[in-house]
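Visitor: Pulled the feature table from TrEMBL, pasting it below:
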type	residues	note
TRANSMEM	C:12-33	transmembrane segment
TRANSMEM	C:45-65	transmembrane segment
TRANSMEM	C:85-108	transmembrane segment
TRANSMEM	C:117-138	transmembrane segment
TRANSMEM	C:181-201	transmembrane segment
TRANSMEM	C:222-246	transmembrane segment
TRANSMEM	C:266-287	transmembrane segment
TRANSMEM	C:299-319	transmembrane segment
Amino acid sequence: MLYREAGDYKTSYVDDAQTFPIAFDRWRYYVVLVVAFAIIPVFISDYMAKSVMIPFLVFCIAAMGLNILTGYCGQVSLGTGGFMAVGAYASYKLMTAFPELNIFFVVLLSGGITAAVGALFGLPSLRIKGFYLAVATLAAQFFLVWLFNKVPWFFNYSATGQITAPPRSVFGVDVTGPEVPAWGAYLFCAVFVFLLAWLMRNLTRGRVGRQWMAIRDMDIAAEIIGVNPLRTKLSAFAVSSFYVGIAGALFFSVYLGAAEPTEAFGINQSFLVLFMIIIGGLGSIFGCFAGAAFMIMMPVLLKNLMVDGMGWPTTIATHFEFVIVGALIVAFLILEPHGLAQLWRLMKEKLRLWPFPH
Amino acid sequence: MKLSRLAAVAAAAMIAASPALADLNVPALNYRTGPYAPSGIPYADGFSDYMTLLNERDGGVGGERINVMECETAYNTQKGVECYEALKGENPLVFIPQSTGITYQLIPKASADGIPVHSMAYGRTSAVNGKVFEWVFIMPGTYWDAASMMVKYAMEQEGGSLEGKKIALVYHNSAYGKEPIRTLEELSKKHGYTLTQLAVDHPGQEQKSQWLQIRRERPDYVFMWGWGVMNSVAIQEAANIRFPMDKFIGVWWSGSEADVLPAGAGADGYKSITWHKPGADFPAYEQIKTLVHDKGKAAGDGTTIGEVGYNRGVYAAVIVTEAIKAAQEATGKSNITAADMRDAYETLTITAERWAEIGLPEFAQPLQASCADHGAPHMGAIQQWNASEKTWTLVSDFMTPDEEVVGPLIEEDSMAYAAENNITPRTCE
Amino acid sequence: MSAEFLYTIEVILNGLLTGVMYSLVALGFVLIFKASGIFNYSQGVMALFAALTLVGFQDGQVPFAELINAVLGTEIHGFGWEMPTILAILCALAVMLLFAILVERIILKHLVNQEPIILFMATIGLAYFLEGFGDLMWGSDIKALDLGLPQGGSFWIEDMTVSWAAEDSGFYGMYIDKLDLIAAGVAVALVVALTAFSQYTRIGRALRAVADDHQAALSVGISLRFIWVVTWAIAGFVALVAGSMWGAKSGVQFSLSLIALKALPVLMLGGFTSIPGAIVGGLIIGVGEKLFEFAIGPMVGGATENWFAYVLALIFLVFRPQGLFGDKIIERV
């Protein structure tokens with residue numbers, strides 16, 4: 001009843017090829033957009049924005065980036081944290097060197113710079129595969145973080161190497177710096193998430209995306225049918241790094257406001273983003289959102305539940321947080337190895353057939 | 001049914017934490033877990049125990065109970081942000097971030113929100129300049145003070161001159177570790193020693209290269225700006241290469257029990273700078289034992305009392321409560337606001353008599369903050385570890401840093417920050 | 001001989017010994033990867049957990065003391081006795097065996113035949129779990145680990161070598177850490193034992209059969225589940241050895257789990273499937289990073305070891321994508 005194809009007749013190829021072919025799905029999508037852009041900004045509190053929504057949105061972008069590389073093109077990368085650092089430092093340098101430049105373009109340009117760096121570090125992927133490549137990308141991770149720590153030019157020769165985002169605004173509303181209204185920062189990130197998700201959806205179902213997937217499924221076979229592995233792999237690295245760079249720029253300028261490379265862009269971030277896409281589901285845009293939501297919101301939820309809700313001591317609560325998140329990851333994998341996105345897909349299939357399951 | 005109720009609780013918990021109480025709310029951004037937990041646990045114990053003591057003994061400060069709002073950060077910046085956002089709506093009087101990373105986050109935010117930040121001898125050194133950083137306080141001193149005092153101590157040991165001597169700095173390769181470099185470089189020009197810098201990457205489990213280099217170059221002194229596991233490994237390696245431990249001096253965050261105990265007997269003689277007396281030999285501590293620990297109200301397991309970290313927690317608690325008291329006296333009301341707290345911090349005076357009065361005679365140096373100077377008293381002394389008795393003892397008098405060198409550096413760095421963030425420094429008469 | 005030359009030798013020797021310490025951690029990864037194709041992310045946390053358990057038994061700590069105190073309002077901290085080291089090691093081994101059985105029962109059994117990345121992910125979940133569980137069980141404070149092993153530079157070597165250079169050349173004799181030497185001995189013993197075990201015992205042969213071909217092994221009646229328990233138990237034992245060697249240096253606390261990051265380049269260089277590879281890889285990485293830090297480090301500001309280890313491994317991989325001793329990757333369409 002809810003989720004029906006019946007009666008939904010397509011009269012053109014454009015209609016037939018649309019992203020959400022089912023009317024209910026389409027409406028759901030519009031509702032999500034309205035909620036995200038019209039309702040949440042009105043009601044969002046500082047706490048919700050700063051500790052839940054903004055990190056969630058930023059990591060959605062990072063997860064999308066890594067999903068392009070790992071989920072669609074099959075190249076496992078553990079350099080996400082390093083590439084986020086590139087985005088962050090690029091945005092810092094651009095913000096301080098060109099104070100008039102609008103922050104929107106600063107973020108985009110940071111993504112572009114990261115894309116170039118990412119393509120460079122993607123070169124070994126032509127030789128190295130699988131877990132070997134994953135470990136090889138760690139070289140990028142450690143080297144980039146070390147570089148930003150060591151070369152004073154990157155942090156404008158300040159005494160300690162901490163970078164702080166100066167205040168910048170879009171249409172007169174601050175989005176970085178200390179006086180940011182919760183809705184402003186939220187909307188700024190949400191716009192990026194929307195644009196990038198739209199871009200990703202259309203990239204992945206077009207020619208480029210098909211090439212990526214061909215390489216993922218079997219690179220030698222893909223090469224034989226005429227997919228250029230060099231161009232395909234490097235383009236995946238570049239596009240992926242573009243996303244990750246934007247995530248890094250937003251992470252630094254909008255979310256944290258100040259950062260140092262070792263802590264903010266350490267190996268933990270790389271793993272965190274990888275967890276997101278695996279839990280969410282490889283090769284799925286919905287999976288990026290689901291995974292990011294799980295990894296960002298779960299700890300906050302658990303903490304609030306255990307510490308504020310039940311009054312447990314903070315230490316025991318934190319330890320349990322680890323235990324529970326770990327157990328949940330394993331449980332999810334046992335129940336559904338292909339991630340939350342697969343659960344979602346199964347649910348949709350069930351809905352389609354409901355109430356007649358056979 | 002059960003599930004939906006659980007979800008409702010969760011949703012409620014997400015939106016708003018517990019309601020604000022009428023008490024004096026003091027957030028504690030503790031880190032009792034994670035890689036730096038060994039340093040965070042005794043501090044958190046000391047801070048909470050002293051507050052509990054005041055609540056038990058005096059009913060709080062000025063008749064208002066103190067409500068310590070613990071929030072676990074695991075020394076992680078993101079969690080720190082979450083803690084800040086969760087607690088800032090509950091009338092917090094002052095934030096003590098307990099991490100350099102979190103401090104840097106909070107400096108602009110808390111200044112905009114009008115909540116004082118007290119980064120106790122860590123964080124951004126140039127924030128000691130009250131003209132630029134109105135809301136940030138660094139009592140009892142800065143890293144640059146520490147560097148200068150360590151050089152001063154070394155100079156005293158060498159009979160007044162460091163001409164031609166070699167000093168090696170082993171530092172954590174992060175914002176925190178890089179703090180003293182500029183000061184030490186300036187001082188090397190003045191005193192004529194050569195400075196070797198040895199960076200150790202996080203986490204610092206492997207430092208053989210650095211210590212082999214020290215062994216080759218035989219510096220006269222080794223200073224250390226280390227953190228976490230790096231400290232204990234460095235002390236172990238120093239013992240291994242038989243570097244004279246009494247010439248190995250750590251900054252205050254490299255000189256607690258957690259750093260020296262793993263090295264066992266090898267750590268004997270290791271020194272570090274500090275700003276308070278070690279040990280538990282104070283009347284207030286007796287009261288903590290009888291009124292807090294014996295009644296089962298200890299924040300931790302009660303074994304950390306008298307450790308360096310614990311004393312630092314107590315020190316922080318004293319500064320906070322003394323500022324609360326001063327604010328109450330200045331405003332004439334018991335229920336003060338964060339703005340009152342800031343004003344009190346800026347004029348905070350704790351005399352030697354006052355230290356004795358609160359049961360901590362000679363625990364730390366008397367201090368007098370001012371509008372321009374947010375880092376009083378800028379004094380430190382050297383403590384030394386005795387491995388067989390497992391105690392720290394002070395081996396020097398309290399010293400003052402070389403203002404001539406540190407002052408201009410602070411001016412330069414704080415003005416650069418002001419320019420970058422469009423802050424017009426206020427004038428302090 | 002000139003001091004400069006001797007110091008270079010010293011750096012190389014120390015690099016070799018440090019490399020052995022890396023190999024100790026890498027061995028655990030290799031064992032599990034070989035037998036089950038699982039890239040076990042939780043190996044580092046296992047080392048931490050094993051070391052925590054060892055110290056916990058040694059010092060007579062009450063497991064879950066904090067939790068028990070919080071729930072029941074009691075004030076218990078320790079049993080008040082100190083266990084002899086040997087007994088504590090045996091107890092810790094028993095715990096690791098139990099751990100292996102539970103991992104197989106609860107996790108691996110349900111994930112047979114899944115893709116490698118899913119299994120990898122499961123070990124990440126396991127790592128999270130174990131991190132919280134270990135802290136909950138033994139507390140997150142730092143603990144000094146004393147196994148009675150000697151530490152510090154060897155006088156004997158120092159005295160013997162000091163005369164090799166001219167007296168005023170500034171050479172102070174060769175520095176070799178005694179603990180490193182012991183670790184090297186342990187590593188050799190471990191490799192010999194593992195090789196003997198897999199060559200000359202029934203279970204060992206079964207292990208090798210499984211490593212060669214799962215399906216063929218199953219079809220001749222080898223129980224995969226039993227083999228997995230055995231491998232995880234051995235990996236747990238290796239984790240205990242690695243954890244206590246590193247723990248003796250730095251004390252046992254959370255950061256110990258990060259030693260896994262030092263093992264990854266070793267693994268990649270030596271190949272995920274080769275025990276000799278783990279050793280040789282460790283030696284190359286150890287020497288390479290120490291020499292680079294010694295020669296180039298001062299010019300670029302130091303602290304190069306973390307990334308250089310990876311770059312070195314990367315350079316090797318470009319020429320041999322399966323690592324030095326890894327199984328040749330054969331690709332078919």
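Our numbering is plain: 1 for the first residue shown, then up by one each step along the chain.
Any Cβ shown, glycine's included, is placed from N, Cα and C.
Note that the coordinates shown come from a computational prediction; the quantities given were computed from them, not determined experimentally.
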Visitor: Which range wins on Cβ pairs under 8 Å with the transmembrane segment (C:266-287): C:12-33, C:45-65, C:85-108, C:117-138, C:181-201?
Guide: C:12-33
Visitor: Between C:12-33, C:45-65, C:85-108, C:181-201, who has the most Cβ pairs under 8 Å to the transmembrane segment (C:222-246)?
Guide: C:85-108
Visitor: What stretch of C:45-65, C:85-108, C:181-201 shows the most Cβ pairs under 8 Å to the transmembrane segment (C:12-33)?
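Guide: Result: C:181-201.
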Visitor: Using Cβ distances below 8 Å and needing 3 or more such pairs, separated by at least 6 in sequence, tell me whether the transmembrane segment (C:45-65) contacts the transmembrane segment (C:117-138).
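Guide: These two segments touch.
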